[in-house]
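Listed in Swiss-Prot:
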TOPO_DOM  22-77  topological domain 'Extracellular'
TOPO_DOM  99-107  topological domain 'Cytoplasmic'
TOPO_DOM  129-132  topological domain 'Extracellular'
TOPO_DOM  154-168  topological domain 'Cytoplasmic'
TOPO_DOM  205-220  topological domain 'Cytoplasmic'
TOPO_DOM  242-312  topological domain 'Extracellular'
TOPO_DOM  334-392  topological domain 'Cytoplasmic'
TOPO_DOM  416-422  topological domain 'Extracellular'
TOPO_DOM  444-449  topological domain 'Cytoplasmic'
TOPO_DOM  471-836  topological domain 'Extracellular'
REPEAT    527-560  repeat 'TPR 2'
REPEAT    561-594  repeat 'TPR 3'
REPEAT    606-639  repeat 'TPR 4'
REPEAT    643-676  repeat 'TPR 5'
REPEAT    677-710  repeat 'TPR 6'
REPEAT    745-778  repeat 'TPR 8'
Amino acid sequence: MIAELVSSALGLALYLNTLSADFCYDDSRAIKTNQDLLPETPWTHIFYNDFWGTLLTHSGSHKSYRPLCTLSFRLNHAIGGLNPWSYHLVNVLLHAAVTGLFTRFSKALLGDGYWTFMAGLMFASHPIHTEAVAGIVGRADVGASLFFLLSLLCYIKHCSTRGYSARTWGWFLGTGLCAGCSMLWKEQGVTVLAVSAVYDVFVFHRLKMKQILPTIYKRKNLSLFLSISLLTFWGTCLLGARLYWMGNKPPSFSNSDNPAADSDSLLARTLTFLYLPTKNLWLLLCPDTLSFDWSMDAVPLLKTVCDWRNLHTVAFYSGLLLLAYCGLKNPSLEGECNGKALTNGKQNANGHSCHSDVEYRNSEMKPSFASKVENGIKNCVPQRTQLPSTENIVILSLSLLIIPFIPATNLFFYVGFVIAERVLYIPSMGFCLLITVGARALYVKVQKRFLKSLVFYATATLIVFYGVKTAIRNGDWQNEEMLYRSGIKVNPAKAWGNLGNVLKSQSKISEAESAYRNALFYRSNMADMLYNLGLLLQENSRFAEALHYYKLAIGSRPTLASAYLNTGIILMNQGKTEEARRTFLKCSEIPDENLKDPHAHKSSVTSCLYNLGKLYHEQGRYEEALSVYREAIQKMPRHFAPQSLYNMMGEAYMRLSKLPEAEHWYMESLRSKTDHIPAHLTYGKLLALTGRKSEAEKFFLKAIELDPTKGNCYMHYGQFLLEESRLTEAAEMAKKAAELDNTEFDVVFNAAHMLRQASLNEAAEKYYDLAARLRPNYPAALMNLGAILHLNGRLQKAEANYLRALQLKPDDVITQSNLRKLWNIMEKQGLKTSKT
């Protein structure tokens with residue numbers, strides 16, 4: 001028990017520095033924006049959606065079905081909201097628990113001694129686990145490992161009690177249930193059933209390959225046959241249910257996720273897929289270079305047989321075959337053991353035990369004997385199974401290393417990554433056992449005390465180095481900026497692009513732009529990076545450049561709805577209404593099939609329709625606007641905030657004088673967001689129009705209360721007061737509005753108009769002048785400034801503004817009439833005019 005506690009304590013201690021870490025990388029989509037974690041989402045949705053919140057049967061789903069992990073995230077969210085501390089705490093505790101269970105499992109193979117201790121400490125400290133433990137989404141791998149080990153330990157108990165206790169099938173039931181739970185944490189958990197079969201055949205029964213079929217069908221080995229058959233049946237059921245639940249279709253991924261899968265060359269695909277397990281093993285052996293992402297060109301394709309990395313592949317598979325051969329070549333010392341207690345494969349008889357080299361190497365746990373007397377002769381009857389031989393442990397370790405890794409090899413279907421460090425969490429158990437049993441064999445082999453000490457201190461040093469590397473790597477996972485900077489040398493395109501997002505969120509605009517451009521230098525066709533750079537430029541009023549990058553993004557990925565959306569908004573603001581209309585329409589017609597994030601796509605499509613409706617609204621095409629708004633309501637995803645859309649529906653109905661319908665949609669807007677200020681203002685106008693003055697005033701005042709710094713609220717309230725002939729109050733509201741939003745033309749212009757209506761002409765002149773400076777080429781602003789100057793007796797300035805307005809709009813009848821009246825006054829006063 002001491003080994004388990006110490007190993008767990010080390011696993012806990014090494015990851016304590018992750019408790020202060022933030023959400024990083026995939027955590028954002030799996031937790032921060034995952035609607036399945038929210039209390040308003042029915043919890044049953046977890047069992048129909050994938051890990052990222054997309055419907056599992058959707059063509060764009062990653063098919064990653066991990067409901068128990070998502071359920072744990074939801075519990076975290078219910079208790080602590082989006083405080084990352086609690087999420088990290090659960091991950092660390094799970095890792096400590098897995099470490100303890102792995103040490104307990106190792107004890108069943110290695111005995112209660114130094115080598116079990118070494119295996120546990122190595123697993124606790126291995127740096128390959130940092131992504132799984134420090135990254136919150138890695139909880140799927142850690143949770144799957146927990147139930148993987150529980151299932152395996154239950155099966156070991158089943159084997160040891162088979163034929164002696166009725167409870168043996170209770171242990172088998174535990175094996176099946178834990179295997180199912182492991183699969184519901186992460187898909188590879190189901191492979192524990194295959195590992196259990198390997199344990200039963202090669203470790204517990206110590207069969208070699210050619211003995212399996214003849215032995216398993218013998219009557220006395222019926223229990224072995226039954227166990228293996230049930231494991232196979234249950235595994236088939238789990239896999240069948242899993243495939244059915246995801247719609248019997250494999251997931252689809254982009255070229256950048258797994259470039260080899262998209263390669264046209266069969267040779268390149270074959271050589272690369274054969275090489276990748278070699279690269280994964282190297283990460284286990286020497287986890288010096290780790291990265292948050294290994295997609296894109298992080299591992300260049302092997303395109304020819306002359307690529308020197310093929311030597312690594314040959315060496316890897318040769319070593320693997322050699323290990324397997326060494327583990328399986330020795331003949332079984334007892335082929336038909338039927339689970340009986342063994343000492344070195346032979347039943348102990350007449351009280352004598354045989355100590356071969358194999359037994360010596362496993363002498364940490366000796367069999368216990370109970371005395372019983374038969375015919376006056378005292379015999380010793382073995383009570384428990386002797387520890388497995390080194391060869392047996394090698395076979396089991398290889399199965400632990402290889403079988404859980406098989407789903408990630410692209411053997412049965414293409415996966416959405418090149419290398420994923422967290423996928424190695426379960427296979428690392430086999431690796432740690434292999435290293436431990438190898439060190440133990442070397443320790444036994446050498447005779448000199450100095451060499452034995454060298455083996456001992458070398459393994460201890462390795463564990464120390466692993467622990468130090470883990471602590472350092474945890475520092476990279478403290479926040480996204482540190483994580484992405486650490487990944488630049490491995491995957492520069494992805495790392496620079498993600499770093500640009502972080503720098504932009506920190507308002508480091510020039511650094512963010514530089515990061516985006518660096519990402520595009522390494523990979524120029526990344527649609528997301530082109531879009532992000534365009535968005536950055538748009539937000540900094542560099543509209544021509546932004547349009548250029550949006551068009552490049554659309555060219556790289558024609559289904560990128562958000563790029564169409566922002567392109568249309570820029571065109572609409574530039575007055576290019578027909579181009580904007582075509583862009584919005586094209587966006588609205590893009591289907592959501594095979595898209596990585598269908599929720600984000602639907603949101604962008606809904607926003608495109610909303611803006612198209614606004615465009616029609618501004619053109620006075622209210623019926624068309626309503627039709628587009630209805631389509632937007634039909635297409636919007638459940639997480640879309642609909643208050644602005646509902647409010648615009650109300651506006652359109654109000655312009656069509658359909659007041660009951662308008663009131664309905666204003667109320668819908670307020671129901672969806674009770675503090676939505678535009679709905680308070682528009683509904684207030686409707687109430688005033690229908691004679692409910694006191695109610696209207698309450699809504700205007702509520703809007704001001706919600707945001708006292710918003711000039712538009714004072715403007716609408718002032719307009720209401722003006723219509724009620726409360727001129728003094730209206731004038732105060734107008735001044736307040738113009739002071740707060742002195743850069744907003746509409747607010748300033750309307751304030752000036754209200755002050756003029758309140759006969760406060762001097763104040764009105766001040767704001768008409770400001771409005772004309774905000775829009776120097778807007779005829780109405782110049783005409784109104786001319787009119788107030790005319791009223792205030794500043795005739796020559798009034799003439800100049802009238803003339804400028806007529807240059808911009810020569811056929812304006814009101815301006816022409818005002819100018820003629822002005823000239824008459826100027827002539828009467830003997831002032832020079834520009835009439836001639």
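The backbone N, Cα and C atoms fix where each Cβ goes, glycine too.
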Distant-in-sequence neighbours of the topological domain 'Extracellular' (129-132), which means Cβ under 8 A and at least six residues beyond its ends: 95, 138-139, 141-142, 290, 292, 420-422, 425, 428, 470, 473-474, 477
DSSP residue counts for the repeat 'TPR 6' (677-710), split into helix, strand and coil: 27 helix, 0 strand, 7 coil
Reported mean pLDDT - the topological domain 'Cytoplasmic' (205-220): 68
Residue counts (helix, strand, coil, in that order) that DSSP gives for the topological domain 'Cytoplasmic' (444-449): 3 helix, 0 strand, 3 coil
DSSP residue counts for the repeat 'TPR 2' (527-560), split into helix, strand and coil: 27 helix, 0 strand, 7 coil
Same-chain residue ranges lying at least 6 outside the topological domain 'Cytoplasmic' (99-107) that approach it to Cβ under 8 Å: 3-5, 7-8, 10-11, 115-117, 119-120, 123-124, 146, 149-150, 152-153, 156, 429, 432-433, 436
Other parts of the chain folded back onto the topological domain 'Extracellular' (416-422), taken as Cβ under 8 Å at six or more residues beyond its ends: 62, 128, 130-132, 135, 137-138, 140-141, 251, 253, 257-260, 276, 279-280, 283, 290-291, 294-296, 298-299, 408
Secondary structure content, the repeat 'TPR 4' (606-639) (per DSSP, counts of residues): 27 helix, 0 strand, 7 coil
